[in-house]
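Peer 1: Below are the features listed in TrEMBL for this protein:
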type     : residues : note
SIGNAL   : 1-22     : signal peptide
TRANSMEM : 274-296  : transmembrane segment
TRANSMEM : 338-364  : transmembrane segment
TRANSMEM : 370-389  : transmembrane segment
TRANSMEM : 410-431  : transmembrane segment
TRANSMEM : 443-466  : transmembrane segment
TRANSMEM : 487-520  : transmembrane segment
TRANSMEM : 526-554  : transmembrane segment
TRANSMEM : 566-585  : transmembrane segment
TRANSMEM : 597-625  : transmembrane segment
Amino acid sequence: MAVWRSLAFSAVLLLLIHGAHCFYLPGVAPQDFQKGDQLQVKVNKLTSTKTQLPYSYYSLPYCTPEKIQDSTENLGEVLRGDRIENSLYSFKMREPQMCNIVCNVKLDAKTAKEFKEKISDEYRVNMILDNLPLVVPLKRNDQDSTVYQLGFHVGLKGQYSGSKEEKYFIHNHLAFTVKYHKDVLTESARIVGFEVKPFSAKHEYEGKWEGKTTRLTTCDPHAKSTVVNSNSPQEVEEGKEIIFTYDVEFQESDVKWASRWDAYLLMNDDQIHWFSIVNSLMIVLFLSGMVAMIMLRTLYRDIAKYNELETQEEAQEETGWKLVHGDVFRPPTNSDLLCVYVGTGVQFFGMMLVTMMFAVLGFLSPSNRGGLMTAMLLLWVFMGIFAGYSSTRLYKMFKGSEWKKVALRTATMFPAIVSAIFFVLNALIWGQKSSGAVPFGTMFALIFLWFGISVPLVFVGSYVGFKKPAIESPVKTNKIPRQIPEQAWYMNPVFSVLIGGILPFGAVFIELFFILTSIWLNQFYYIFGFLFLVFIILIVTCAEITIVLCYFQLCSEDYLWWWRSYLTSGSSALYLFLYATFYFFTKLEITKLVSAIFYFGYMLIASYAFFVVTGTIGFYACFWFTRLIYSSVKID
């Protein structure tokens, strides 16, 4: 039911987004706390950059409440593997606590093995307080500034001095710091920071265990002594007793509630080389401008020359792109499939454009967990109407009559391929008992979005598009196709297509590094304004490189430009996948086969989507270009 409520709310949000300035986003509204108010810490998934497989917090034998309550999660959170649940960590606002006992756990062979596996795979524990994720502050060696890491490690591996045997130690004592900003007039406060310093401490006590009232000798609030280091760490072995404890400290902060995410979003500022990114984009923009200027001058000269040909002898001697005017708008082979891919590309383009506009305006900030993915899915569904319209408009131009078949293929082909890959990956993740596996209820919700909303919208768009008058070609098509002369080696279709994808990939590959880092290294991505700029440059680059290569192709009297225009800029997806492979071997430390399949499966889906988007941009640019130049010359 949580998923359905989330879907219903998200649909209303998208319809009423123009009034968003009147209210706070769900889960992001500020909450005022008085001194002594109860603060409940929620636990989220366990994450590891080594395995990429999330697990629920209680998959490990941590201290468990009498009843575990799941928080309402939106569709995006479920797909991300988030499992937000209640915990036994409870504070009172602005009332420090010391050495609070949570529980004790005695390890058997199974639980000891589970902890060791998670420690070995470098899993991190994620918690949430007032919608703020828990972070570990780390001082930089080279600067005075502080960086933050999401969550704390389950434990660590180490050796006792004088011993070579490797041992496993668990972080069982948490020193929390809650930062708050106080309102001078009302004395109420808002939480603006949630930090922790984890310690491994072998707690001891005298007498019998009496639950939370047991008095520890290693951490005693009465004696004002607490854990300040891990000199006597808690080992993970069968038969060992682990006592979980925590401290809470409250610090007043000058940071206002509206700016509380700023520190979180500056986690990786040492890796962001703004100058190199902007410099790369400016080079791409400069090259694109030069190409556009050359093309305009050359075309102007060509059109002027063709229009000045007056005698029959001059007309017979003409060469170049005008010579193939009787074949340039001849329908291509597999024209139905081209229409389907163009329609799918329009659907993806619309989704990406609107999503980035929302993100730039701040509606899809990291504070709204899962909001980005939920918005993308819903926008994909609603953009189906434009997919159907685009595919059947092109199909009717090709003199097609069975528009329903094209509409059905547009609505099902791309989602079916992605769903097949997704189903296999989900089955593998399910086999690992990971929380990243999508539940059946969510699967049903996705199928409903596809067949209940997207497919009907595609058919509506297709019906409207087919009822429109067919797009007229600026020149007549000959009945007999012209023979294409032998082409130079550099005009070979495969070579031309592969060359065409380099420049669009060059426009995005630096930004791609940060996107991959945010996805696979569990970090926030937040520079949506810059991403939007990169997207605009990608559009310009795809369009111009396709137009240039299309012009060269027509000048060499090869009129088979339809599919080549799509594949030219679409081939940038091949370079994207190759870069993802390079990133896997150079930046990630994935060793498990399932995790590697998981990575390459999702990068294959991303590359396929990138192919569809960039290919469609290139196709429409070339389509506009050919119509423009052939309508500009006099054809006898």
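First residue shown is number 1, and so on along the chain.
Glycine is treated like the rest: Cβ placed from N, Cα and C.
TrEMBL does not curate its annotations; it predicts them automatically.
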Peer 1: If we call contact 3 or more Cβ pairs under 8 Å (sequence gap 6 or more), are the transmembrane segment (597-625) and the transmembrane segment (338-364) touching?
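Peer 2: Answer yes: the transmembrane segment (597-625) meets the transmembrane segment (338-364) with 3 or more Cβ pairs below 8 Å.
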Peer 1: Restricting to CB pairs under 8 Å, which listed stretch, 338-364, 370-389, 443-466, 526-554, 566-585, is in contact most with the transmembrane segment (487-520)?
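Peer 2: Looking only at 338-364, 370-389, 443-466, 526-554, 566-585, the most contacts with the transmembrane segment (487-520) come from 566-585.
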Peer 1: Which one of these stretches, 370-389, 410-431, 443-466, 566-585, has the most C-beta pairs shorter than 8 Å to the transmembrane segment (526-554)?
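Peer 2: By the under-8 Å Cβ criterion, the transmembrane segment (526-554) pairs most with 566-585.
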Peer 1: Same-chain Cβ contacts of the transmembrane segment (370-389) under 8 Å, 6 or more residues past its ends?
Peer 2: 6-7, 10-11, 14, 25, 73-80, 82, 343-344, 346-348, 350-351, 354-355, 358-359, 363-364, 407, 410-411, 446, 449-450, 453-455, 457-465
Peer 1: Using Cβ atoms and a strict cutoff of less than 8 Å, what residues sit near the transmembrane segment (566-585) while being 6 or more residues removed from its termini?
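Peer 2: Sequence-distant neighbours of the transmembrane segment (566-585): 338, 341-342, 496-498, 500-505, 508-509, 512-513, 516, 520, 542-543, 545-546, 549-550, 596, 599-600, 603-604, 606-608, 610-612, 614-619.
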